[in-house]
Amino acid sequence: MLLKTVLLLGHVAQVLMLDNGLLQTPPMGWLAWERFRCNINCDEDPKNCISEQLFMEMADRMAQDGWRDMGYTYLNIDDCWIGGRDASGRLMPDPKRFPHGIPFLADYVHSLGLKLGIYADMGNFTCMGYPGTTLDKVVQDAQTFAEWKVDMLKLDGCFSTPEERAQGYPKMAAALNATGRPIAFSCSWPAYEGGLPPRVNYSLLADICNLWRNYDDIQDSWWSVLSILNWFVEHQDILQPVAGPGHWNDPDMLLIGNFGLSLEQSRAQMALWTVLAAPLLMSTDLRTISAQNMDILQNPLMIKINQDPLGIQGRRIHKEKSLIEVYMRPLSNKASALVFFSCRTDMPYRYHSSLGQLNFTGSVIYEAQDVYSGDIISGLRDETNFTVIINPSGVVMWYLYPIKNLEMSQQ
C-alpha cells in the first residue's frame, strides 16, 4: 500500500507540473492593460478600444518597427475581450469588437512571427466583470485556448476564494499540459495571497507557472514603480532564489512610452526590471511611441542582459545614506550587470566607489560598458576608484566583464 501511495503521489506531481519547456529567459512582448485598460467604446474611440483592430495594428508595429526582431514576440490580450459563453459553455469573444474571432487573430499574429497571449480569471467574474473561469470550466477553457492556437495564458484571481485559487491554478496547469499545445502560463495567484510565505508556496509556483505576479498592479506613475521596487527589494531574500529559467517573478508591465514617467525614470525602470530578470512586457501605444522611448526599450545590450541564459535574478547590494542604491545581477561568462540608482530629488550626484566596495574580489581586471551611453571604462580592478554621475530618479548601468586574470597570467 505504501508503494502504491508513493507511486500515486509521484504521478499527481508529474501531472501538476507545467512541463512545457517555455520561457527559459524572461518573456518579452506587449500587453494591452496598462495603456488601454477596459476601453470598450469603439463607437467613440475606435482606434483605442479593446478590439481585433487594436491588436492587429500593434502586431503590425511589432513586426515592422523592430520589436519582434529584438525579442518582443508576445502580443497579449488582457481583460474585456470576452463576450460570454455559447450554449456548450465555451468562451466567446465580443462579436462586435472581435468579429472574426480569436483563431483569426491568432493566425494573423502567427503570420507575422509573433505569439498571441490571452486573459482569463480564476473566479466567477474577471476583474472587470466579464465571465470568469470557475473550477468546472478550467479544462474546457484550456482546451478552447489550445484550439484557438493561443501561446500564453494570464490567469487572474478576482472574485475567487483562497480555496478556489489553491485548486484552480494547479488544475489549469495540468489542463494546459493535457492539451499538448505549449502555452506559457502567467499566474496572478501570489498577488492575491500577499506575495509571501507561508500563504505563498513558491516551490509549487515554480512547478506550475512560467511567471507569476507577486504584488500590486502597476499604475502610470513613478510612485507606483518605486512601491513595487521597494517591495521586491524588501523581500529579495525570498524572491530572488525562486526565479530562474522557466519560472519568473513578475513586477508587472513597463510604463515606458506612456505619461507618468520622465526620461530618467523610464531609463531607470528599464534598467531595474532588467537587473531583476523581470519579464519585459510593454504596455504603450506602439503607433505613436517616441524615438527616445523606442531607444530605451530596444537597447540591444539591455536586452542581452535581461535575456542572459543563466536566468539569475539580481539583488540590491548597497543602500547608501546619500540615497544611492546599487544593484547587481550575475551574468554568463563571469560578467555582471551593475545599476547605480539615485533616489534623490535634488540634482545630479557624484557617487564614488570601487569594485572592492561592491564585493568584487580577486586579481581580475575588468572592463565596463555603460549600457545607455555605450562608453567603455577600462582597467577596473577591485581597488580602482571610480565616479559615476547619476541624475535624480535616474540610473547609470554598467555591463561589467573580466578581460584578464592576473593570477593566471603570472603562472
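Cβ atoms here come from the backbone N, Cα and C positions, even for glycine.
Taken straight from Swiss-Prot:
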type     : residues                                     : note
SIGNAL   : 1-17                                         : signal peptide
DISULFID : Cys38-Cys80                                  : disulfide bond
DISULFID : Cys42-Cys49                                  : disulfide bond
BINDING  : Asp78, Asp79, Lys154, Ser188, Arg213, Asp217 : substrate binding site
CARBOHYD : Asn124                                       : N-linked glycosylation site
DISULFID : Cys127-Cys158                                : disulfide bond
ACT_SITE : Asp156                                       : active site, nucleophile
CARBOHYD : Asn177                                       : N-linked glycosylation site
DISULFID : Cys187-Cys209                                : disulfide bond
CARBOHYD : Asn201                                       : N-linked glycosylation site
ACT_SITE : Asp217                                       : active site, proton donor
MOD_RES  : Ser322                                       : phosphoserine
MOD_RES  : Ser332                                       : phosphoserine
CARBOHYD : Asn359                                       : N-linked glycosylation site
CARBOHYD : Asn385                                       : N-linked glycosylation site
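In the three-state DSSP classification, Cys187 (disulfide bond) falls within a strand. In this structure, Asp217 is the one among the binding-site residues Asp78, Asp217 with the smallest number of other Cβ atoms inside 10 Å of its Cβ. Taking Asp79 (substrate binding site) as the reference point, the recorded positions whose C-alpha atoms are within 10 Å of its C-alpha, out of Cys42, Asp156, Cys209, are Asp156. Close to Cys80 (disulfide bond), meaning Cα to Cα within 10 A, are none of the recorded positions out of Asn177, Cys187, Arg213. For the recorded positions Cys49, Asp78, Asn124, Cys187, Ser322, Asn385, a Cα to Cα distance of within 10 angstroms from Cys158 (disulfide bond) holds for Asn124.
DSSP gives Ser332 (phosphoserine) a helix state.
Taking the mean position of the Cβ atoms of Asp78, Asp79, Lys154, Ser188, Arg213, Asp217 as the substrate site, the remaining same-chain residues with a Cβ inside 8 Å of that point are Trp33, Tyr119, Cys127, Asp156, Ser186. Cα spacing between Asn385 (N-linked glycosylation site) and Asp78 (substrate binding site): 48 Å, rounded to the nearest whole number. Restricting the recorded positions Lys154, Asp217, Ser332 to those with a CA within 10 Å of the CA of Cys187 (disulfide bond) leaves Lys154, listed by sequence position.
If you take the Cα of Asp78 (substrate binding site) and the Cα of Cys38 (disulfide bond), they are about 9 angstrom apart, rounded to a whole number.
Spatially, by CA atoms, the recorded positions Cys127, Asp156, Asn359 include one closest to Arg213 (substrate binding site), and that is Asp156.
The recorded positions recorded for this entry are Asn124, Cys127, Ser332, and the Cα of Cys127 lies nearest to that of Asp156 (active site, nucleophile). Comment: substrate site residues Asp78, Asp79, Lys154, Ser188, Arg213, Asp217; largest CA to CA distance 16 Å, whole number. Spatial neighbours are here defined as Cα atoms within 10 angstroms of one another, and by that definition Cys38 (disulfide bond) has no neighbours among the recorded positions Asn124, Ser188, Asp217. In this structure the alpha carbons, written CA, of Cys49 (disulfide bond) and Ser188 (substrate binding site) are 24 Å apart.
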